[in-house]
Structures are given as structure tokens and as C-alpha cells.
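Novice: Not my notes, these are from Swiss-Prot:
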TRANSMEM  24-44  transmembrane segment
TRANSMEM  54-74  transmembrane segment
TRANSMEM  85-105  transmembrane segment
TRANSMEM  116-136  transmembrane segment
TRANSMEM  160-180  transmembrane segment
TRANSMEM  190-210  transmembrane segment
DOMAIN    220-499  domain 'CN hydrolase'
ACT_SITE  E264  active site, proton acceptor
ACT_SITE  K349  active site
ACT_SITE  C404  active site, nucleophile
TRANSMEM  509-529  transmembrane segment
Amino acid sequence: MFKLVSYIILSWVLVCLAQPDVSVVASVVSCICGYSLLWAGLFALVEQLSWKKVWCIAFIWTWTVEGAHFSWMLEDLYVGTSIYFVWGILLSYLATLFASFSCLVVWCCRKQYRGALVWLPGVWVAIEAIRYYGLLSGVSFDFIGWPLTATAYGRQFGSFFGWAGQSFLVIAANICCFAVCLLKHSFSKGLWLTLCAFPYLLGGAHYEYLKKHFSDSEVLRVAIVQPGYSPHMHAGRTASAIWRGLVSLCQTIQTPVDVIVFPEVSVPFGLHRQAYTLHENQPVLESLLPNKSWGEFFTNLDWIQAIAERYQCTVIMGMERWENKGGILHLYNAAECVSREGEITSYDKRILVPGGEYIPGGKIGFSLCQTFFPEFALPFQRLPGEFSGVVNITERIKAGISICYEETFGYAIRPYKRQQADILVNLTNDGWYPRSRLPLVHFYHGMLRNQELGIPCIRACRTGVSAAVDSLGRIVGILPWESRTCPVSTGVLQVSVPLYSYHTVYARLGDAPLLLIAVCSVIGAIAYFYRKKKETPPQTFF
């Protein structure tokens, strides 16, 4: 019994630590045997416990592992204690899926349904696709294959098959490791070693080839502004004070610069509201543009155009956009791109955050929210955007804009490659969960798009991580971010980002190949079990 428990505990420790921002070693080891140790322990426990109890053990194991992975959600300073309920529901949902899948793997081995094991990696991709595409706005964080991205070679494997391919390989390798423990066949061992090495060999060969041909002959000169204010600090300041702080940061920018990027919802009031007076802001305006004449009242657009004129560049800034539709006021989370000539291009966030930006469940969901969680009942309706966010930064350079956690969804960002974006730009605010792991977790998930699509990215975040990353996933520049050991900091990251890009399989085909495999796997598994049901049940192991 001690040996069985030690297997389960060891697997728990490995998988808990298997996060690219926590441990690279644990991430690599977990990809090849972390889950197989759990299944080996459950396999032996079936002889002593009922299937119901085995499922409960798998559920508790997964719930606690996911609890560690999503521990950043428990920073309730700004979001309130109601987040514990959301956290618990999310963990229970994920634990139900993986506990059921784990019992299916063990059951197939107990029944000697070895042929079914071939279909199970694809079945898992189908299960994970449900939460990736179907749960509210989608849960893109912490997919099974994420630990594979802890190394440059593992991330580069994503340029072929994306998140689904990474999850498929991790599950396949662990099933083979489980089979090696049970069958001790040389074929199983050889297949396991092949699956373990395959993503690193393929990704590594591609990575080294691209690194050899990498060129920085064409660059984009960017200035990324990190204001360093949390939601609490933002609420305690006037809009004019916020602008004075932003202009003060911009004073450190050296020309020439092609684009200045500010974070998500950097200032209140939207683009066109006349919320500022000349009397209150005249000293700052004169320091920005000494010879420009201003009216008595002016807008956020006037501020942005002044910065664009001062630095002779494009300015991208996140802010809210209000629109009256049929007498009902709607709110968009928007990015405004203003060229140095004054041309305005807007992008509205398409993937909204459940609870924070909309209440799931329509009128019923809103009614329940008002009853049980009145602090989360939104006084207005937020709408998702309908169009992609490719904008012109210069005459020759295009950027694909995303806001907040949109950048973690490959299917949402992939069209930017087809629309000939040269660089990805993300505006975000991770300050809602202060002193947590979220800034790094979000950053590591978002930068996967670089190698999936073969283009660089820049991201501006209020409290970090603000960074520039090239198309091979290498960090070109980064500012300090808020964590338990590092306080909130302000700054401007000014760097030249190489625009070297390359074609990828994922950019061309997306998730379609693996989703097709997933559908075929589900059909194949059902057909296999149906056929076996008609046969005499075989004897179990031992």
C-alpha cells in the first residue's frame, strides 16, 4: 500500500510543480511520466477499492493539483471573496473531466483493452476542446500540454500542432509509460521513448534552423509604457492626474520611435468625452507641445494626438468605448490606434471575461448574480467586438491587436497571420490579482502565439509583465512586474523588435488536424467498446 500511495504522491508533486513559471525540470519530467504514476497507483488500488472510491481519489488529486495551478485566483483584494466560489466551481469542473478520463485509462488496462489506448490521447483532446471552446468564454489556461512549453524546443513544437498537439503528445507519452510499467514490453518502451523525444526533436530541429536564418535587418522601434498603478491606485486618482503620470513617463522616450503602446483601459471616459480643462493641465500640455494652442476643454483623443505629434509616431492605447444602441448604453473594452497623421482605428475586445465583463446565463444568470453576488451585478451591458484588430503602425508594418487574455487563444489570433500582421500587440491588466503568479502565467501562455504563428509580439500591462518577444519566443526586453517579492513599478521599455517572421503549419491549418483526430478518436473508441461488448469479457491483469 505504501508503494501505491508513494506513486500517487510523487505524481501529485511532479504535476503541481509542472508549470513553466515554476520548474522547467518538473515540467519536462511530468510530460513523460507524471500522470502515468497516478494511473499506476489507481490501477493497483482497484483491487482493494471500488471504482467509485478510485474515482474520488482521482477527483481529489486533480482538484488539489488544479487548485495549486490556479492559486493566483485567490488574491481577493480587488475581486472580492466571491471569487472563491468561482474558483471552486472551475476546479470541480476540471477535476471531473480528468478524474473520469483517468478512470477510463485504468479501466481499459484492467480489461486488457489495449486497442482502446490508441484512441485515448485523441479522446482527451476532444475533452479538453470542450473547455477550450465551450466553457463560457473558454478556459485556455493550464491545458495538459502546457508544461511541454517550458523549453524553447517544446514551444516550437506548437508551430506545427498548437496546444492540441502538445496535449496529445503529453497524454500519449504518459499512456505509453503506464503501459511500460504494466506490460514491460520492449515495443512499449521504444514507443514511449519515441513519443518523449519527438516534440523536442521536431521542435528543436525547426528552432535551430530558424535561429540560423534569423535576421534583425528590419525592426520596429517600440516604447511600451507600464504605468504601475493598480486598480485601487487608479480609482483614487483623477483622470488628469493619470494623464500627468503618463506624460511624465513618456518624457523618457528617445526619438525616433515607431509606436508607443499603453495598457488596457489606461484612462477613463472613452475617446471623445470633453473631460479635461486647459486650466488644470496647461503646464503638462505646454511641456508636451509648447507651441500648440488648446481649447478650454479637450478629450482623451487630444491627449493621444499630442503624444503622436510630439514623438512623430503611432500611439496605441486601451480604453473603454461607449455606444448607444436602441436607447441602451453598451460598453466595449477597446484599443484605439492613432497615427501621427491623426487617423483613428478602433478594435473592440472579442473574448470577454465571465463575471468581470459579462454575466453568463443571460437574464437568469443576471438575476441569480443580483441575488447571491450583488457586487458582481454589472450596471451596463458589455458587448464583444465583431472584427479582427489588424491596424497599420507605419505604411509598411501592420499589427494584430488583442486585449487581456484573448492572446491565449490560438484560434482567435491565428487570422492575424493571414491578414499579414507583422507583429502582435497585447494590451492587458493583471493588477486585479496583485502579488500573484498571474502576470507570469498570462505572459507564458500569451507568448506561445509567437512560435505558433512565426511573428513577434509586444505587450503592455499596467503592473507587468510588459515585454517584447521575438518570433522564436526569445525575450528582447522586459520590465519588472508585480509579485510577492517585487512591488509595483513604473517604467518605459524602449527596444527595437526584429520583425523576422516565418510560415508555420499551425498558422495555415490551426487546430483543425488535431480536432479531426479527436473526433475520429471518439468515434473509434466508441466503436471499439461496442465491439468488445459483444465479445466475451477478457480476464483482467493479475
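Placed from the backbone N, Cα and C atoms, the Cβ positions cover glycine too.
Set these features in their place in the structure for me.
Specialist: Remote same-chain residues near the transmembrane segment (24-44) are listed as 4-5, 7-8, 10-12, 14-15, 17-18, 54, 57-58, 61, 102-103, 105-106, 109-110, 145, 147-148, 150-151, 154, 169-171, 173-175, 177-178, 181-182, 192, 196, 541 (criterion: CB distance under 8 Å, separation of at least six residues from the stretch ends).
Long-range Cβ contacts of the transmembrane segment (85-105) within its own chain (Cβ-Cβ under 8 Å, at least 6 residues beyond either end) map to 35, 38-39, 42, 51, 54-56, 58-63, 66-67, 70, 73-74, 117, 120, 123-124, 127-128, 130-131, 135, 139, 175, 178, 355, 373.
In the shown protein chains, 23 other C-beta atoms lie within 10 A of the C-beta of E264 (active site, proton acceptor). Mapped onto three states, the DSSP output places E264 (active site, proton acceptor) in coil.
Taken residue by residue with DSSP, K349 (active site) is part of neither helix nor strand, so it is coil.
There are 25 other Cβ atoms within 10 Å of the Cβ belonging to C404 (active site, nucleophile).
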Novice: Residue list, the transmembrane segment (190-210) vs rest of chain: Cβ under 8 Å, 6 or more residues beyond ends.
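Specialist: Distant contacts of the transmembrane segment (190-210): 31-32, 148, 151-160, 166, 169, 172-173, 176-177, 179-180, 471-472, 502.
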Novice: In sequence order, what residues of the same chain, 6+ apart, have a Cβ less than 8 Å from the Cβ of K349 (active site)?
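Specialist: Spatial neighbours, sequence-distant, of K349 (active site): Y332, N333, A334, A335, E357, P384, G385, I403, C404, E406.
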Novice: Please work out the mean pLDDT for the residues of the domain 'CN hydrolase' (220-499).
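Specialist: Mean pLDDT across the domain 'CN hydrolase' (220-499) comes out at 91.
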